[in-house]
């Protein structure tokens, strides 16, 4: 794990720490970007061969055990005995519920819109996160930084619409109902709220990050275990697991733990840049591994994201 002191911020620290921070962000971009291509690789007859709920539960449980091991290794167990209370731990239940709600909402809303419409409109979560970041955390963005957020939204929309050569491959008509539009707006709001709330909780409590993760993932395991048991899953817990699936699990475990570092020591806006950059990695890996054809317009979102990074951080 990349160690960053609780009293240091990446922007105002030594060159060595900035280099570690950059490495962490690049690693996150790679993990995020490789997730969808890896899922495609493990599909059989266009279907995911394993239980999605068991996979999520396994990921949450792994993050919980790693957080506990990290807490033991840091020698902060005595702090844990002092810090355990409902007042301290209960705020971490909110992100678990919000993320679980959104995971189910994504599946539910597919009946009210086509996948392409969802992919395009889900980029509005960038705007919702930025708005909640300024209103709930009291942070102020300059005009050029707001413009950078607009560039990220534009990059996501243009990438979804124009980067892939889908001629002759579109199987469903483009449509969205008024109910579907409302649901996708709720999805974007909840996504932003979960990110901003998590950042606020992590930064407001002066506790070791491993301890905060322990609280966070305990609730994550409880919520996802309840979801798995109530879902009537027909497949065995590890049925359909291949080497690629285990790579996905390991990647998502690392992704969650590293993203908590970003939320603790960076900002939710940094998370948005990671996710936006990851869609470009996703496209390149899909082209290289899956043979997906890219159009010349792929360079347009690349330029927009690069411009957004320059405007926001300079």
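We number each residue from 1, going along the chain as drawn.
The backbone N, Cα and C atoms fix where each Cβ goes, and this holds for glycine too.
Both residue 135 and residue 312 are recorded by Swiss-Prot, but within differently named topological domains on opposite sides of the membrane. Through the fold, the transmembrane segment (89-109) approaches residues 56, 118, 180, 183-184, 186-187, 190-191, 193-194, 197-198, 201, 212, 215-216, 218-220, 222-224, 227 of its own chain, all at least 6 residues removed from its boundaries and within a Cβ separation under 8 Å.
If you count C-beta pairs under 8 angstroms between the transmembrane segment (268-290) and each of 21-41, 146-166, 176-196, 207-227, the highest count goes to 21-41.
Only sequence-distant pairs (6 or more apart) were considered; of these, at least three Cβ pairs between the transmembrane segment (243-263) and the transmembrane segment (21-41) are under 8 A, so the stretches are in contact.
The topological domain 'Lumenal' (42-54): residue composition by secondary structure is 3 helix, 2 strand, 8 coil, according to DSSP.
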